[in-house]
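Over in TrEMBL, the protein carries these features:
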TRANSMEM  16-35  transmembrane segment
TRANSMEM  55-73  transmembrane segment
TRANSMEM  85-103  transmembrane segment
TRANSMEM  109-129  transmembrane segment
TRANSMEM  150-172  transmembrane segment
TRANSMEM  184-205  transmembrane segment
TRANSMEM  266-285  transmembrane segment
TRANSMEM  297-317  transmembrane segment
TRANSMEM  329-348  transmembrane segment
TRANSMEM  354-378  transmembrane segment
TRANSMEM  390-413  transmembrane segment
Amino acid sequence: MAEGNTRAPVRLEGKYGAMLVCWVLGNGCLFSWNSMLTIQDYYVALFPKYHPSRVLTLIYQPFALGTLALLAYNEAKINTRKRNLFGYTLFFITTFIVLVLDLATSGKGGLGCFIGICVISGAFGVADAHVQGGMIGDLSFMLPEFLQSFLAGLAASGALTSSLRLITKAAFDNSQDGLRKGAILFFAVSTLFELLCVLLYAFVFPKLPIVKYYRAKAASEGSKTVASDLAAAGVYKQGPETKNEHDPQQVERLNNKELLLQNIDYAIDLFLIYALTLSIFPGFLSEDTGSHSLGSWYALVLIAMYNLWDLIGRYIPLIKCLKLESRKGLMVVILLRSLFVPAFYFTAKYGDQGWMIMLTSFLGLTNGHLTVCVLICAPKAYKGPEQNALGNLLVLFLLGGIFAGVTLDWLWLIDKGW
């Protein structure tokens with residue numbers, strides 16, 4: 001097995017190429033969904049009675065959470081390559097269907113079209129569960145820089161889609177049916193980007209030397225989820241004649257319950273981070289911030305600022321002195337984020353747009369920074385199969401927090417008498 005040995009690759013060949021691919025794949029994990037979130041101004045105009053910014057998110061999350069719960073429970077038996085390729089392919093197909101649906105209905109809206117958009121939102125949730133849990137689990141037993149790059153890519157998808165939306169709005173705002181033309185261009189670009197992710201994951205990522213090394217290492221520690229990726233890279237699994245099936249180092253691993261109990265604080269951290277963030281973003285920022293001089297640009301600017309600072313926050317842990325590694329310290333900072341709720345409430349009522357933009361930026365900054373700190377610190381000191389399983393469990397709690405957040409987001413409407 002000349003190619004399939006587990007020696008560390010010389011100078012870790014392909015490290016920076018792998019980081020770039022991880023960044024692009026992180027983008028692809030949320031690019032379609034962020035596309036739908038970022039054109040909320042179009043959907044609010046198209047479906048004014050249905051609260052699309054809240055309803056679409058509320059539909060997306062149960063599908064994501066339920067699918068990931070099943071995948072996390074059966075994680076050790078699931079082919080990671082098929083799982084991730086299914087997720088990225090589903091993103092590509094459903095994003096293309098959004099485009100076709102709008103063209104087929106000539107952008108006239110209506111209940112039938114809204115139901116179609118809701119079905120697509122649910123499909124996005126299923127795809128996200130496959131890709132986000134699969135990729136974070138897979139990258140958890142590789143270099144921390146790979147996971148950081150993937151998480152930065154998740155945030156970059158929001159920043160890129162917001163930037164693209166601002167450009168399309170500026171280009172088409174004064175033309176007839178400008179909102180629709182911008183949205184169509186937006187989803188055309190998104191469809192092509194998802195196709196790029198399918199090709200990168202299928203043909204480029206598994207063949208990078210450093211990726212082959214870490215997957216072969218995980219296989220030597222008993223992981224069964226990487227076999228297809230190793231085969232696609234031309235690395236053949238160690239045969240039964242040379243593998244000691246009774247070697248406790250290869251066959252023994254902590255089960256999901258034991259892993260969760262040892263890392264319950266990290267799981268709660270992620271739940272609280274996203275419950276708080278999604279109780280404010282994007283629903284509150286899209287509908288409940290009042291009228292200001294920026295007019296129809298206001299919600300887009302707020303979402304863009306959140307996404308930009310979320311991206312910046314995910315790079316801060318690369319500065320060692322700013323990386324939070326204390327488990328107690330993380331919990332304290334995350335609990336302090338609850339102060340954002342009264343801060344946003346009073347700023348929306350009494351503050352001007354400058355204060356709201358600053359507050360939204362800080363929300364994004366803390367969200368990105370804390371997410372990376374938790375997900376990078378948690379998998380340390382475990383074997384490959386355990387790191388993969390723990391990555392899936394932590395993403396499950398992350399999505400649980402998102403679902404709780406989008407549900408709590410509806411409470412802002414109480415103040416409006418709805």
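The backbone N, Cα and C atoms fix where each Cβ goes, and this holds for glycine too.
Keep in mind that TrEMBL annotations are predicted by a computer and have not been checked by a curator.
Because the structure is a prediction, the values reported are computed rather than measured.
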Of 16-35, 109-129, 150-172, 297-317, 354-378, whichever stretch has the most CB pairs under 8 A to the transmembrane segment (85-103): 109-129
Same-chain residues near the transmembrane segment (297-317), Cβ under 8 Å, at least 6 residues beyond its ends: 34, 37-38, 40-41, 148, 151-152, 154-156, 158-159, 161-163, 165-166, 169, 281-282, 285-287, 289, 291, 323-324, 353, 356-357, 360-373, 376
Contact between the transmembrane segment (390-413) and the transmembrane segment (16-35) (3 or more Cβ pairs under 8 Å, separation 6+): no
Cβ contacts under 8 Å made by the transmembrane segment (150-172) with residues that lie 6+ beyond its boundaries: 22-31, 34-35, 37-39, 41, 132, 135-136, 139, 178-179, 181-183, 185-186, 189-190, 297, 300-301, 303-304, 306-308, 310-311, 313-315, 368, 371-372, 375
Folded-back contacts onto the transmembrane segment (184-205), same chain, C-beta under 8 angstroms, at least six residues removed: 18, 21-22, 24-25, 27-28, 31-32, 35, 38-39, 84-85, 88-89, 91-92, 95-96, 98-99, 102-103, 161, 164-165, 168, 172, 211, 232
Residue numbers, six or more beyond the limits of the transmembrane segment (16-35), whose CB comes under 8 Å of its CB atoms: 60, 87-88, 91, 94-95, 124, 127-128, 131-132, 135, 139, 142-143, 145-147, 149-154, 156-158, 160-162, 186-187, 190, 193-194, 196-197, 200-201, 204-205, 208, 210-211, 307
Beyond the flanks of the transmembrane segment (266-285) by at least 6 residues, Cβ under 8 Å: 37, 40, 53-54, 57, 260, 299, 302-303, 306, 327, 330-331, 334-335, 337-338, 340-341, 344, 348, 360, 363-364, 367, 370-371, 374-375, 377-378, 393-394, 397-402, 404-406, 408-412
